[in-house]
């Protein structure tokens, strides 16, 4: 079902602008039982939330705001694209999970749906071990292909290597099972399917949005891994394993913007990526063996085990594996740092715009169960909380597209519907508790965020206010209204404190400042402050931490100029896209991309982004310590080193505001006026006095 149709059916125009900032509502800060959860947030799918679901959300205090990431993008049919589609696999599966000690046998019948024209990927068995493109993995032989990077350099690529059995039929919603052995030589020359998900159609064929849509066929048969190796074949090369983002409801490893060829060939590293289940198919939780939750994270974990056991066959060093990901991908990386099941499967981590403490990263078990039952009800399945097996049995029979089309009605407002949960298996406790107790992998991390993290999502939610065009501004009245819509669960004192913190008091009526304040409000709450928190905790434990603030806006960026440097804008440069001369990047942007790739690959090789000897081309990147808190600004022609970033605003969200809410929970505070009086600054004097007084009460216990 198209998102446009859902918007028309579910939403009246007056509801569209209520969808954004509710996820910014402080509800998840104030009520710790739920942690909301990419290019990981704000996506078209948030528009599917109708007023009837908003009303139903009041039935449960655990139902919270739904902020959806638009991390889905373009269907690129270009024959030169790095990834092109294929499908394959047999019909019966033998479940033998040596890692978990599980033995059983089930069968997927031949009626399993396949896409027309795509066949099983087996080649003739005439390949010999002398063929450098034929690799013998622990499950069987695979044949790769040689590709040319845009720079003209060659790489060898193996795409669509099965690391798990297809999660079809009775395996839907379950943890993955290792792939079975095969005979002959398996063709690994075409990229894998993308896992079933909704597709962003909100802005039509606008490239700034469609670049995140899956570009290979959608299928439940999607658990495959890709390996790209520089030529000549290295020995014991560092491995960089990419985990894509998309709010846990979308995304695919095959996007053009993730093209592995340039990074691998320019930096002499092996680049690996994996597909994992998203949306309800990957994260539905009912607390039963049939629907244990976190299936998508277990997919990732199984892929990490495959890399550990096989990457040496491709010239990689299994003792130098670095995970890197963005948005929900960065959250995934961070959860592997926390999980006892994953900690020993890799060495280092790069987290781009994501942290496990983000309000959208996890939900409680109770909320996850409620959402699963709402989905069951939406697709006419049994939804009795005392008969969960009946719900799962029915949900397994439904078309996967029907599930993902209906899951956005399974929650109140402004949350990604199916995200990780503390399941007692992959995660034993909340990320906050793990960080506080020091129960996480002690290692080197590189992390950071972008200057305008919030705009991408606001454009999808406040569609009437922030239109996708130049010259958009926000009046003071519109700003105050947006803050109210953004924070529906907090009292008047807290809401006025937010207004005060994000007002430009030099020019409080400046329409550009008011617009930009909304971006900072969203970006600080959902991204920057959580990234800061994670980096700080790692630094306090004595780990090597390197932090960045990404500030470069591509000259060819299709979004309006006022959107600045948005969520995900660094990805092109990490993978070396500017080096593709056909895409029109300027020479200084090509050099900048080379610098970013070198920083990232240096870190993967040594745990330090700096070169072994000082270089004028690579400014020194200082460590982010618990006291210094330094970060490097990543932009054209800049070597600026700052502290933070945004320490004051993050102290506001993480320290001051929770205390203010606690101190004023029983007070009635007059809300700020919709239209400021003669002077915007004078209208808040009484409120400011109250806030300061309450802070003193909280701080000094007077």
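Each residue, glycine too, has its Cβ placed from N, Cα and C.
Since this is a predicted model, take the numbers as computed values, not measurements.
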Region 'Disordered' per Swiss-Prot, picked from 23-50, 51-78, 79-106, 107-134, is residues 107-134
Check: min Cα-Cα distance from residue 222 (disulfide bond) over active-site residues 327, 453, 567 goes to 327
Rounded Cα distance in angstrom between residue 187 (N-linked glycosylation site) and residue 195 (disulfide bond) is 20
Expressed in Å to no decimal places, the gap between the Cα atoms of residue 529 (disulfide bond) and residue 453 (active site, charge relay system) is 11
The recorded positions listed are 195, 327, 453, 567, 637; by CA-CA distance, the one closest to residue 650 (disulfide bond) is 453
Looking only at the recorded positions 381, 394, 453, 637, residue 327 (active site, acyl-ester intermediate) has its closest CA neighbour at 453
Reading the DSSP string in three states, the entry for residue 222 (disulfide bond) is coil
